[in-house]
Number of protein chains: 6
Amino acid sequence: MTFTRIDGRTPDQLRQVRITRNWLDHAEGSVLVEFGKTRVLVAASVTTGVPRWRTGSGLGWVTAEYEMLPRATHTRSDRESRRGKVGGRTHEISRLIGRSLRAVIDYRALGENTIVLDCDVLQADGGTRTAAITGAYVALVDAVEHLRGLGALKGEPLKDSVAAVSVGFDKAGTALLDLCYEEDSAAGTDLNVVMTGSGRFIEVQGTAEGAPFSRDELGVLLDLGTAGCAELTAKQLEALR
Amino acid sequence: MTFTRIDGRTPDQLRQVRITRNWLDHAEGSVLVEFGKTRVLVAASVTTGVPRWRTGSGLGWVTAEYEMLPRATHTRSDRESRRGKVGGRTHEISRLIGRSLRAVIDYRALGENTIVLDCDVLQADGGTRTAAITGAYVALVDAVEHLRGLGALKGEPLKDSVAAVSVGFDKAGTALLDLCYEEDSAAGTDLNVVMTGSGRFIEVQGTAEGAPFSRDELGVLLDLGTAGCAELTAKQLEALR
Amino acid sequence: MTFTRIDGRTPDQLRQVRITRNWLDHAEGSVLVEFGKTRVLVAASVTTGVPRWRTGSGLGWVTAEYEMLPRATHTRSDRESRRGKVGGRTHEISRLIGRSLRAVIDYRALGENTIVLDCDVLQADGGTRTAAITGAYVALVDAVEHLRGLGALKGEPLKDSVAAVSVGFDKAGTALLDLCYEEDSAAGTDLNVVMTGSGRFIEVQGTAEGAPFSRDELGVLLDLGTAGCAELTAKQLEALR
Amino acid sequence: MTFTRIDGRTPDQLRQVRITRNWLDHAEGSVLVEFGKTRVLVAASVTTGVPRWRTGSGLGWVTAEYEMLPRATHTRSDRESRRGKVGGRTHEISRLIGRSLRAVIDYRALGENTIVLDCDVLQADGGTRTAAITGAYVALVDAVEHLRGLGALKGEPLKDSVAAVSVGFDKAGTALLDLCYEEDSAAGTDLNVVMTGSGRFIEVQGTAEGAPFSRDELGVLLDLGTAGCAELTAKQLEALR
Amino acid sequence: MTFTRIDGRTPDQLRQVRITRNWLDHAEGSVLVEFGKTRVLVAASVTTGVPRWRTGSGLGWVTAEYEMLPRATHTRSDRESRRGKVGGRTHEISRLIGRSLRAVIDYRALGENTIVLDCDVLQADGGTRTAAITGAYVALVDAVEHLRGLGALKGEPLKDSVAAVSVGFDKAGTALLDLCYEEDSAAGTDLNVVMTGSGRFIEVQGTAEGAPFSRDELGVLLDLGTAGCAELTAKQLEALR
Amino acid sequence: MTFTRIDGRTPDQLRQVRITRNWLDHAEGSVLVEFGKTRVLVAASVTTGVPRWRTGSGLGWVTAEYEMLPRATHTRSDRESRRGKVGGRTHEISRLIGRSLRAVIDYRALGENTIVLDCDVLQADGGTRTAAITGAYVALVDAVEHLRGLGALKGEPLKDSVAAVSVGFDKAGTALLDLCYEEDSAAGTDLNVVMTGSGRFIEVQGTAEGAPFSRDELGVLLDLGTAGCAELTAKQLEALR
């Protein structure tokens, strides 16, 4: 008997992934990344110099900001700018994306330059943070190339590549790769895996609001996530060719 | 002798205008509208009911919110959500878009329903407010059709169509239609014209930070804007076919 | 048959306009301007130096802030300071006043000095923005004289004078000059005209939330507004004598 | 030998006090109160009903908000609305004014009605809080009369009158009544006294940033403040006649 | 050869853990929890009813807020209340604590009651979030007992216990349990483990800003964290006896 | 007949006062001060340099911030950081504490150094501001000693000591020293007295929301407060021994 997911995928299958480079004209790097219906616009902005607390260190800086358009979701949410404050979830994901990319950066080779990755979710259907990380890496590569073109680098700032995917168990205990919104809502356990192209972990975030999970279950999810990240790494390479 | 503009257009020529409907999957109406490199994503969200101050009146409501992504522009701007307040320009344009669309709405026919038009500038190259209004009208039509499909209307809420364009004089005194960013920055006088499909004015906003303008000069700009809006009205109809 | 307005004026008659200079003791220029019951206190503050982005340019700066006292209106409004944010209308009008005054300023002659015009509405009965602009010009002249007295000018910074008035159609289609609150609420179309003393337009803002207007109707309003601004210019001159 | 103050007054002399009632057309009570160059506009707003936490109690409510216009002072201050937060001094004085007036209110007689006293400082020259309290009492009386006219009272809500004045020592140890800005800045000790018309204390706030004061010195200041409040009470009665 | 840590511990040794119940008099549950010099005050507040979006569901709610006193750290930080916004880290940790405790709650048995856990860091020396979770569980038990005493429960709301600890590698690759601030700053990889008393994972958060980690290294950290959580569970039980 | 208070004290008796120095490890001075159940943690932070407006003056600066933990009180209050603004009461008390300590500081002897006193109320049972001032003085002494140890002083910055206590009348007119929360709520008149060790007043704040008080009643309260401050001064000396 074959198991089919809500959108017809097998449990270990990614959604259709599209990575469109240079979607914007002004940004030094830009990507429209799509994981199925999830659609994130990433813009990489390069500026000379680093934040004040880092000035004179000879080291570069990479940071990220994530935000959702108000109608990215099924029902409209208020804009964070109108509410006058940034929500906890937005902060948390912005920080995750920044940390993930910084893990493959050689700050010294980057020189005293800053790259900001703006990840704006145009449409959300689950996995916005993992799509953002996966796309942001590609935009980051283009921004680094821009700096290389200017002769502003002190070496090769990219030590590895980065990709990310979500994994989780459905109600029946089947492990699923790259959860869409409906699957994500139903999942008891949800794990986000951020990995390098060389197969090491940058970030592992597993959460059980429903049923706590065992060490063996964690192992199953890590296996599935590792395979998913490897596939995404291949797609990034293809986009960058 | 022939005059050519920075991007090769004649003075009375619009940039290439593209109106892509249904760019989003969740919103009741959505449009990606492009005036050359200016690219605005409009999402129309329908909700049953109206703001508290209007409840029980039998009248509907239409409003708009405008915002720019941080890297829509040539250099990155800080997010308004992070600064904790919405800037004056953002407020001013949001209010203009809302007023412009409400001018063609029959509130009674709309019934006690609200339509919010989120206009997010993905890329800016001048004329973002006029592109937003022009695209928002198309998204509004689709949102109204959605309500019609639900049997939630009390009549035909759309009394007319709306389109908008900018016009201005260059340094040499030539009147130009649909200014791009570089032309806009150089213009001494800048006029935004919002018109109905039937050729009447909804909003006329002329500003001279540089040289104040005469009644005759205003007439020249109004002629040019009227012609531009008529062309845009035709493109809206085509998109809606 | 003679038409009479709610307050007994003829259609093309201004309300009683009073411009009281030096209403404050500390400010470098100050005016209490009254258009009938509308009462705006304008204070011009001079400071040496300009905002950071303009420093070293040799150019001066003029800006404005508009705000209403909570009980300026018929019913009390919450203070914007307590709500923690400035509303869209407040921003929009502050920007309009600043642009209007800058249109007659020669920045180079002003030298690297800044003049801030605070326009606080003590009582509102329609036309607060036009009263504010008309009064602010007079306070600006006094602030410029103060700088002249200090020998801080590089020439004559005032290229012209500025006055502003509102015009609109009532329900019966009669064009009215200088609308009071009750007329303004009832008007289908509302036009604010900002003009120089020499009769050129600085800003034309026409809005039709009710019925869109034709080119001919716009012409009628512009004629009326032009006449009203000329009268206001005369009153400014008289006050400055 | 006769001592003279900076503005020619004797030590125990008030500045010229003017209390102009009905300075506004819309507010239920309004006063322009002047203590020399200090000029505070007080508007009393009446609304039916009380804040949620008091609803159904049968008791009324009185509260106050104090704020300074940006150019009330010798040099311009930023607006609290633009900074997005209300400063500590503004909060502190608003609370003092509210408490002072509530001390003479019989909440039950007021019925479930609210009176808000907006005290906006148009010009500041020391003693703005005491001028505000003194003027606010007069505006409060007019607002209570307004309620009486509507038949909305359950008895006499005003149990007494309220006036306030500042007192302090100059450098030479002379006790001064009603300090102007320059005297206030130089004073080592500064006491604000809020009293009822019947000569009892509502609030006594003495502060020594400079030299701490003895019990005897406190006595001298209390005597002087008591006399000053009695004079102000007489002026309030005259204004209300 | 024996390895010793900066504070004399062995690699797999917890700091001295103290859990003082009823540290406060008003709160329904309260704990001062100490992991070495890290000192967190947890107050559990019980209220009848649940947030609006949950009203009428028959389900309870548990949430948490985390914050640091300004001088909890080696150098003083500005208060988030004064900056007017809550930082990303504060949000992220508040959310983590809330999720962790909700994982062991049976909402139906809790009835429509809310328990808020305020975790205020009085002194920080690494591991503040894990100390907060470990202490918050104990305060939660007391708050649940309080509800039981009132007869407000519908069953047993606590399905399990929760404890948390941090683990990481030092520069030399030794895995360390319960990192103090200095060890945490130096660690390349840092893992926070939240577990139930029955030995299942609620949350696993591993981060490598320095060197990405392998699957084997993750295994070593999970083993160490599992042992640490078991020890903490024992200490919680002892405190609750 | 003997009068007894709600907690068994005589009218002129302080609650049990405990002053625990060095409660924190990082701060340059720290005190846990307890007035009965009122418990305030004071941390003194020393930094080299002074705020910008004072730089180069050769003078030091002392300031204070006061805040309550959300569950310091009988029922939980929202955090000011989450509400995005600091309340009026918090501001008012912070300013009072700062002024009180500055009254005994010789700025020149302090040199260009800043001491910030963070007073966080862990538990509130009336008199939090007076406990905070009394404890803050002790933490200030330790911070000054820290600066002395660094050789950073220009003389003796402490001109005197500071203590504070509340006094008030109960319903029956008995004067009470050091009011607990329940007494404070019931009191018609409430006076906070801040005094130097040498018996002079720094701040006297008397408030009558209930019944205004006479000069004689004020005298009774001042006598009682003077005695209370003398006792607190003795306890401070003991703690500092």
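Any Cβ shown, glycine's included, is placed from N, Cα and C.
Some features that TrEMBL has for this protein:
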type    : residues                              : note
DOMAIN  : A:13-143                              : domain 'Exoribonuclease phosphorolytic'
BINDING : A:ARG89, A:GLY127, A:THR128, A:ARG129 : phosphate binding site
DOMAIN  : A:161-226                             : domain 'Exoribonuclease phosphorolytic'
Under 8 Å by Cβ from A:GLY127 (phosphate binding site), same chain, sequence gap 6 or more: A:ARG15, A:PHE35, A:THR38, A:VAL165, A:SER166, A:ASP178, A:LEU179, A:CYS180, A:ASP184
PLDDT averaged over every residue in the domain 'Exoribonuclease phosphorolytic' (A:13-143): 95
Of A:ARG89, A:ARG129 (the binding-site residues), the residue whose Cβ has the fewest other Cβ atoms within 10 Å: A:ARG89
Cβ-centroid neighbours of phosphate site A:ARG89, A:GLY127, A:THR128, A:ARG129, 8 Å, sequence order: A:TYR66, A:ILE93, A:VAL121, A:ALA124, A:GLY126, A:THR130, A:ALA131, A:ALA132
Where A:ARG129 (phosphate binding site) falls in three-state DSSP terms: helix
The domain 'Exoribonuclease phosphorolytic' (A:161-226) - residue tally per DSSP class, helix then strand then coil: 18 helix, 28 strand, 20 coil
C-beta crowding around A:THR128 (phosphate binding site), within 10 angstroms: 25
Secondary structure at A:ARG89 (phosphate binding site), reduced by DSSP to three states: helix
Most distant Cα pair in Å, residues A:ARG89, A:GLY127, A:THR128, A:ARG129 binding phosphate: 13
For the domain 'Exoribonuclease phosphorolytic' (A:13-143), residues assigned helix / strand / coil by DSSP: 42 helix, 43 strand, 46 coil
